[in-house]
Amino acid sequence: MPSNSTKILLLTTLVSGVLVAVSSNSWFGAWMGLEVNLMSFIPLMSNTKNMYNTEASLKYFIVQVLASATLLFMVVMKTLAEDLFTLTFMETSYTPMIICTPLMLKSGAAPFHWWFPGVMEGLSWENCGLLMTIQKAAPLMLMSYLIEINVFTSSIILTSTIMGAIGGLNQTSMRKIMTYSSINHTGWMLAALIMGDNLWLTYFMIYSTLVLTVLSTIKLSSVSFINQTLLTNKEAMLTKFMMFTSLLSLGGLPPFLGFLPKWIVIQEMVMNKMTPMATIMVITSLITLYYYLKISYSSFMILSEEPKWNTQSHKTKTVKKISAMIMSSISLTGMLMCSIMAGLI
């Protein structure tokens, strides 16, 4: 694990890699930004004391190199036929499809998600947060230049939402549940990309806030599996409540903040005569909400079982607890505040 100063340097180069990829005016510059981002994230993942970390970083490296090499190959090959180094609209119909494929592999959209659960299982919660938020930003932004409504895009969106919903049903690991939830949200973000950049940015910002909220509350209670949530002692009831309400918000349960971006996407899709796809996406979202409720329902019951004593210490830093409380309150009351502001305007 790198030291704090090294970690700050790597995080800086990681964010700068995303900015280079996003702000580039050519595909070669975008590829270069993605490579800087990858080379900054690999050292953050690796830990010599943990075998799972090393395995996860190696898996991630191989997959991302495969995606980067494919992207560069596709770009160079198509440049021979048309001016593809610039980010202009392509002449042929299949060009956006072949360029989007490696970017979807990078972002973990189904059916290119096979590497995602295995990598997430071996990472710390901080790195899981980076992988589910910042690491998705650059590929999705690059896809926004190319993506359009066609059979290929529609099939990717539906596959992501369905795989994200069904894949999480049989899981007991919190990391894998968060992974399949992220795959489902990737499908929603791709649908938001079709509707417009502003809608996607809104969805991505709210999704990132909710993911960081959930991860900060999970880290406070040191939970890795579903059954450990029931073993939280009575002194940590506030942490327990924050974790479950944040999970329900991430699942898109009204009236929490997580429902707001999904509501806007559904409304836009209905206006664009995409009601059948929106219906399937809502059904899959309900399935993801089911496995979040499966985690939290027993603890919300009045007669739920709780241990009178627990050997696990819950002495956490006050700063971490306060930050988790602030983020949790945003996820709880965010939609209410937006509705009040909209009413005033």
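Glycine is treated like the rest: Cβ placed from N, Cα and C.
Whatever TrEMBL says is automated annotation, not expert-curated.
Quick caveat, the model's predicted, so the values are computed rather than measured.
Under the heading domain 'NADH:quinone oxidoreductase/Mrp antiporter transmembrane', TrEMBL lists 24-288. Among the features that TrEMBL reports, transmembrane segment is placed at 60-81, 93-116, 142-165, 200-220, 241-264, 276-293, 322-344.
Listed as Cβ neighbours of the transmembrane segment (93-116) (distance under 8 Å, sequence separation of 6 or more from its ends, same chain) are residues 27, 34, 59-60, 63-64, 66-68, 70-71, 74-75, 78, 82, 84, 135-136, 138-140, 142-143, 146-148, 150, 152-153, 156, 159-160, 162-164, 179, 182-183, 186-187, 190.
Counting residues 6+ beyond its ends, the transmembrane segment (142-165) has Cβ neighbours under 8 Å at 21-22, 30, 87, 90, 93, 95-97, 99-100, 103-104, 107, 109-111, 113, 180-188, 190-191, 193-194, 197, 200, 274, 277, 280-281, 284-285, 287-288 in the same chain. Away from its own ends, the transmembrane segment (200-220) comes close to residues 125-126, 128-129, 132-134, 136-137, 140, 144, 174, 178, 182, 185, 188-189, 192-193, 236, 239, 242-243, 246-247, 249-250, 257-258, 260-261, 264-265, 314, 316, 320-321, 323-324, 327-328, 330-331, 334 of its chain (Cβ-Cβ under 8 Å, at least six residues beyond either end). Here the transmembrane segment (60-81) has Cβ contacts under 8 Å with residues 27-28, 31, 34-35, 38, 41-42, 45, 90, 92, 95, 98-99, 101-103, 105-106, 115, 119, 131 of the same chain, all six or more residues outside its ends.
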